[in-house]
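One structure is given below, encoded as structure tokens.
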Amino acid sequence: MSNNATLNLAEQKGIQTDLVTLTRFILDEQKKSAPNATGELTLLLNSLQFAFKFIAHTIRRSELVNLIGLAGVTNATGDDQKKLDVIGDEIFINAMKGSGNVKLLVSEEQEDLIVFESSKGNYAVVCDPIDGSSNLDAGVSVGTIFGVYKLLPGSAGSIKDVLRSGTEMVAAGYTMYGASTHLMLTTGNGVNGFTLDTDLGEFILTYPSLKIPHTRAIYSINEGNSHYWTDGVNEYIASLKKPQANGKPYSARYIGSMVADVHRTLLYGGIFGYPADSKSKSGKLRVLYECFPMALLLEQAGGEAVNDKGERILNLEPKQVHERSGIWLGSKGEVERLQPYLTKKN
């Protein structure tokens with residue numbers, strides 16, 4: 001049987017045989033954009049995908065092996081830690097240490113910057129190992145958020161390497177653990193999405209060159225905090241609930257897990273907001289490992305991300321590793337509609 005006949009048979013049976021795995025994709029991207037690169041970032045991204053697979057596997061088994069519930073301690077930002085928070089953090093730390101390409105690691109679960117003294121790596125990784133973990137026991141989708149910086153020239157690894165604007169990140173993304181495990185990744189050349197095939201043990205390219213719709217009548221925000229919002233934010237949300245030009249109001253969609261809410265927003269369009277308020281004056285989400293990676297992803301997909309002053313999130317320069325900010329992100333047209341309301345005072 002000829003090769004063409006074999007290929008035609010596979011197509012007739014609906015079997016895809018030319019799969020683009022994450023590893024293949026990363027190598028192809030390196031050849032196209034940086035043919036003379038050392039390959040260090042490529043190896044780092046491969047170490048990241050191992051961590052994502054390990055965490056996905058652990059979450060799938062968590063209820064069966066008694067890994068649900070609280071661990072009985074709080075993390076560096078004051079949140080109650082789940083058992084899986086602790087294990088996910090350990091998985092991430094060991095994967096980054098074992099890669100040999102990471103010198104520094106910032107984790108939501110660790111109060112201080114972690115320095116891998118024996119590493120000769122030239123990269124720093126910032127991460128929230130399991131974002132949305134308060135939803136784990138209810139089976140709601142959670143995820144890992146990450147960003148990557150290259151160390152400053154001549155640096156041996158210090159806090160200065162991560163207290164930089166989001167525009168200097170060389171890679172960012174998230175992995176969502178739900179009905180399927182999805183990885184959304186940018187290395188500064190657009191956004192590509194991958195789905196984990198658990199039988200093959202590989203992330204397969206399923207969302208090439210992803211773009212967010214320019215507008216979409218969907219908003220995602222925790223309205224339980226509305227009493228603490230500014231007048232401008234309350235007016236904005238109220239305007240979405242009124243019939244629009246098509247006679248219909250905006251639809252509200254809120255899961256309570258940032259990765260899941262942003263994932264839906266990225267695919268369908270709309271706007272996600274977690275503003276600062278009178279109760280949390282600096283906001284709730286961490287700049288380095290939540291706001292920056294998500295903002296970079298959304299911008300690379302054609303969207304926008306701003307803070308409560310309407311300023312571009314990626315231009316912020318954090319002074320602390322666990323610094324917080326309010327954030328609004330999503331479709332470019334929806335963020336533009338929001339902007340006038342952000343300048344209103346109480």
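Here the Cβ of each residue, glycine as well, is placed from N, Cα and C on the backbone.
Sequence annotations record features per position, and here TrEMBL assigns domain 'Fructose-1-6-bisphosphatase class I N-terminal' to 21-207.
Annotated domain 'Fructose-1-6-bisphosphatase class 1 C-terminal' per TrEMBL: 212-342, in sequence order. Confidence annotation: the domain 'Fructose-1-6-bisphosphatase class 1 C-terminal' (212-342) carries a mean pLDDT of 97 in the model.
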For the domain 'Fructose-1-6-bisphosphatase class 1 C-terminal' (212-342), how many residues does DSSP put in helix, in strand and in coil?
56 helix, 21 strand, 54 coil
